[in-house]
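Here's what Swiss-Prot has on this protein:
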- T29, L30, G31, P32, D86, G87, T88, T89, T90, G412, D495: ATP binding site (BINDING)
Amino acid sequence: MAKQLAFNDAARRSLEAGIDKLANTVKVTLGPRGRNVVLDKKWGAPTITNDGVTIAREVELDDPFENLGAQLAKEVATKTNDVAGDGTTTATVLAQALVKEGLRNVAAGAAPGQIKRGIEVSVEAVAARLLENARPVEGSQVANVAAISAQSDEIGELLAEAFGKVGKDGVITIEESSTTQTELVLTEGMQFDKGYLSPYFVTDAERQEAVLEDALILINQGKISSVQEFLPLLEKALQSSKPLFIIAEDVEGEALSTLIVNRIRGTLNVVAVKAPGFGDRRKAMLQDIATLTGAQVVSPELGLSLDSVGLEVLGTARRITVTKDNTTIVDGAGTAEDVAARVAQLRAELTRTDSDWDKEKLQERLAKLAGGIGVIKVGAATEVELKEKKHRIEDAVSSTRAALEEGIVAGGGSALIHALKALDEDPAVTALEGDAASAVGIVRRALVQPLRWIAQNAGFDGYVVAAKVAESAVNQGFNAKSGDYEDLIAAGVIDPVKVTRAALRNAASIAALVLTTETLVVEKPADEDEHAGHKH
């Protein structure tokens, strides 16, 4: 396949144009007065959302060079979402501003490598200052963080209650309700950090996850590599017409191929994951899962083998959600007495062990067994509203978790403005010289942009607001919802510092790559290439 090439300034300008198109699409959603974006779907109703990463994932541009820029900006949003779960629009706006200001300097003759170094040093100084300015979350601030992310006080209160009940490390899942009410239900469940063995198991392509309702659960201590050994069990599961969830040390070779083929053909809705943990801890964790789901672990030690067992060794659960990294089991069929006995056994082990590492791992297992799962059932009048609400609640859960981890700073873009003081005080920044020193100004101008757009979307002059906030004390800032300048933390306008730092670092990373790019190579469109070599 022939390629198209772009060089030097033309290459960088194409990347900038692509980043601009994506950033201009998402930045209208920034802040409490941000607008929505409507996404067309090939089938079903359109999606209405103000979630940056959801919008970014839908953007594909005609121009292949510009599309590279859009994909880079998409990477900023996706990475920020992976690390912090929110802040995707802020990250995209920062990336756009850093690229724009940086390219201006490069076009004027500055050395891209020096500009890159200056941006990296400046951003690290600002990120460190953000952490210094952060404070731990207290009381009602949990509800405030969630309410700001979800743009709903009602959802904020619901999430504060959920985290209050399951703890900051507890699992919160989001399901669709059959009513119009949104409610919190506490249920027994568990999450562990193993995802599906193959993306072919995915049932929801948009969210890249596999969801099994009312599923049978097979827990096998060893590897499954031969189809013959578990074919009888597979046939029995097929006759039951229920989905099958398999946990094993590994599923490989023809066994995995058979499961994938059955899944693709729609013969059997099946998902396989590797067992969590290692060695003796893996055996213990499998027993925990078995207790929770009413299953028996298939193991030679217990005199059980796959080719000789029936449906009686399988457990069940109301709902199992599997992503590429995690598995969440909700409402397992294990009896309350069995779970209580297992919890008592773990507590007894905890009192007997002297090893800090063992204690930590036992406490993790105890939390998973005893802590339960908070299920938020999202209700809405229409399917379009339901999807949009689910996006907002997912962002809010991630934001709240991030706030509980690293603390909070003043929201509304003000924290970035206050952290700019680090550029005048940090010795690593003040020691920069030449083109690297000019990059400090690039970061200084870029960090104003999130606040500028929050104010602009609310109908105010962004630059005037930013100038006024720069003169105020730390934690003072502009409340776009009320239009007042006030103590934002006291007013409940707060952001998780983890989200702000992740947005800043990811934006700087992509901007540095764009500024040091010299050549772009893309596929030549098929219609242009069709008659290549046949011209007479």
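From the backbone N, Cα and C atoms, a Cβ is placed for every residue, glycine too.
Structure coloured by features recorded in Swiss-Prot.
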residue: T29; record: ATP binding site; DSSP (3 states): helix
residue: D86; record: ATP binding site; DSSP (3 states): coil
residue: D495; record: ATP binding site; DSSP (3 states): strand
### Query
So of T29, T88, T90, which of the binding-site residues has the fewest other Cβ atoms within 10 Å around its own Cβ?
T29
### Message
Please give me the CB contact count at 10 A for G31 (ATP binding site), counting all chains in the structure.
### Response
27
### Task
List nothing but the one residue from D86, D495 whose Cβ has the fewest other Cβ atoms within 10 Å; the candidates are the binding-site residues.
D495
